[in-house]
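Worksheet: the structure to be examined is printed underneath.
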Amino acid sequence: MSVRTHVYDLIDRISWLQRTLLIGAFCSVLWTVWTVPSTALSQRVFRDAIVFICIPLTLAITHGRRLGYHIDRTAIRDTVVLAAFVLPFYLVGSSLPSIRAYYPMWSTTLALGDFLPHVIQQLIIVIAAETYYRGLLCVGISNDIGPVSIFISPIIYAFHHVGKPPIELLLSGPTDVLFGAVDYHAQSLLPSIVAHGLGLVLLDWLVLHEPVFSPEFVVRLLRWIPVPL
């Protein structure tokens, strides 16, 4: 048996779950080492689209698998419920000093000519993230390992939030589990894309306005949280 034949035989023996985890790890490393300037939104969109959309979708299509690009009544219902649940977090969070100092992540204004392109590009980034975290690493392998798939990506998701405000880093793991659980139930990425994408748009819009709540009041209210606010 030639070396090439042996290699192909080994590849054929690798299950869909194993391939997904290997490609998932590769995407995470590639995303980390492929650095882009923090102010370059267009470059960030390009990188995330390649790493988190093109690679996972190529893997899924070539293996006849689905990553959650699917909409039905359950997906719509779960989307409404999840969006309603996370809305207060965005409203309160937009009043925190650390959040207001960090967002918008890329410079923009409320002028339609500035804000609309900014929103579109951020939504692409969100779709890319959800395709990877909730699509490839959750819905895509849910038929193989069931509800365990919900808990595959939280550590990676939190790692990729290093450098963001401490409160956001603290909540990134639980948020990943929540979004994963809802997408798993719906077998669709729609809930997390809407909650994450429109939530991020709302957050930027709120931060560019006067705080909804007094920052001092919110900080006092949340002073029990063991991270800087």
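The backbone N, Cα and C atoms fix where each Cβ goes, and this holds for glycine too.
Look at TrEMBL and you will find 119-198 tagged as domain 'CAAX prenyl protease 2/Lysostaphin resistance protein A-like'. DSSP labels the residues of the domain 'CAAX prenyl protease 2/Lysostaphin resistance protein A-like' (119-198) in these numbers: 67 helix, 0 strand, 13 coil.
Feature annotation from TrEMBL assigns transmembrane segment to 20-37 (among others). Residues of the same chain lying 6 or more positions beyond the ends of the transmembrane segment (20-37) and with a Cβ under 8 Å from any Cβ of it are 14, 43-44, 47-48, 51-52, 55-56, 59, 132, 136-137, 140-141, 152-153, 156, 159-160.
What TrEMBL lists as transmembrane segment is 49-68 (among others).
Feature annotation from TrEMBL assigns transmembrane segment to 80-103 (among others).
The average per-residue pLDDT of the prediction over the domain 'CAAX prenyl protease 2/Lysostaphin resistance protein A-like' (119-198) is 89, rounded to a whole number.
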